Amino acid sequence: MFSTKKSQGNLHKYIQRQSTDEFAVKAREHNYRARSAFKLIEINEKFKFLKPESTVIDIGCAPGSWLQVVVQKCPNGYASGVDLQNVLPIRGADILSLSDITDPAVKLKIREKLAHRQVDVVLSDMAPNPTGDNATDHLRLIELCRSVFRLFSVENEIELVKNGVYLCKIWDGSARAEFVRELSDRFSTVKTVKPTACRDNSAELYLFCRNFKK
């Protein structure tokens, strides 16, 4: 059985960590919904891919911190987000909540929302619910990233512009090299990045893919 005492202890540790974590504190100060906003900000500062007029879609956008950054960086563009969870509205962003990207009806809604726009940037910071087994969780996240990749590389549900960008989160593991090879077939540049906002003990990495090959 699940221990209530253990659960309360874990919650206390989480609250204590959040109260002193540099990026969690900064997120509250800047009204971002999560500390992950600073991961996107840092990656964008490095590669400068979010332009004022960019069309951006964020797959797995809950709680919305990346969309908040996109709206700020792309004031004359278009920002769209999709997530299985309910996502509270963000001024300037078009959000599809309670939506599974593998559902054909959701894919149709995405196309309708984009209204024939070509997409400059596809983002994915989503993650599966952890099983407790690192190898399994790694493979499940790679498959999620691959499913997003297929949306624009195979299925054409999203029309990524030539030279477009795909940025996705992975957890490091055995399938990373193979997935990077797949991405490299369709992008001229694939970089692995670990922003300073990632926790030191985390296996979290980001794959930044630029210059999509039509």
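Placement of Cβ uses the backbone N, Cα and C atoms for every residue, glycine included.
Keep in mind that what you see is a predicted model, and the values were worked out from it rather than measured.
Under the heading transit peptide, Swiss-Prot lists 1-18. Marked as S-adenosyl-L-methionine binding site by Swiss-Prot on the basis of similarity to another entry: Pro63, Gly64, Ser65, Trp66, Asp83, Asp100, Ile101, Asp125. Annotated active site, proton acceptor per Swiss-Prot: Lys169, in sequence order, evidence recorded as similarity to another entry.
Structure coloured by features recorded in Swiss-Prot.
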| residue | record | Cβ contacts under 8 Å, 6 or more apart |
| --- | --- | --- |
| Pro63 | S-adenosyl-L-methionine binding site | Arg33, Ala34, Gln85, Val87, Leu88 |
| Gly64 | S-adenosyl-L-methionine binding site | Arg33, Ala34, Gly81, Val87, Leu88, Ile90, Ala93, Ile95 |
| Ser65 | S-adenosyl-L-methionine binding site | Ala27, Tyr32, Arg33, Ala34, Arg35, Ser36, Ala37, Leu40 |
| Trp66 | S-adenosyl-L-methionine binding site | Ser36, Ala37, Leu40, Asp58, Gly81, Leu123, Asp125 |
| Asp83 | S-adenosyl-L-methionine binding site | Gly60, Cys61, Ala62, Ile95, Leu96, Ser97, Leu98, Ser99, Met126 |
| Asp100 | S-adenosyl-L-methionine binding site | Leu84, Val106 |
| Ile101 | S-adenosyl-L-methionine binding site | Ile59, Val82, Lys107, Ile110, Ser147, Val148, Leu151 |
| Lys169 | active site, proton acceptor | Ser124, Asp125, Met126, Ala127, Leu141, Cys145, Glu204, Leu205, Tyr206 |
If the S-adenosyl-L-methionine binders are Pro63, Gly64, Ser65, Trp66, Asp83, Asp100, Ile101, Asp125 per the record, what's the largest distance between their Cα atoms, in Å? 20
Can you check what DSSP calls Gly64 (S-adenosyl-L-methionine binding site), collapsed to helix, strand or coil? coil
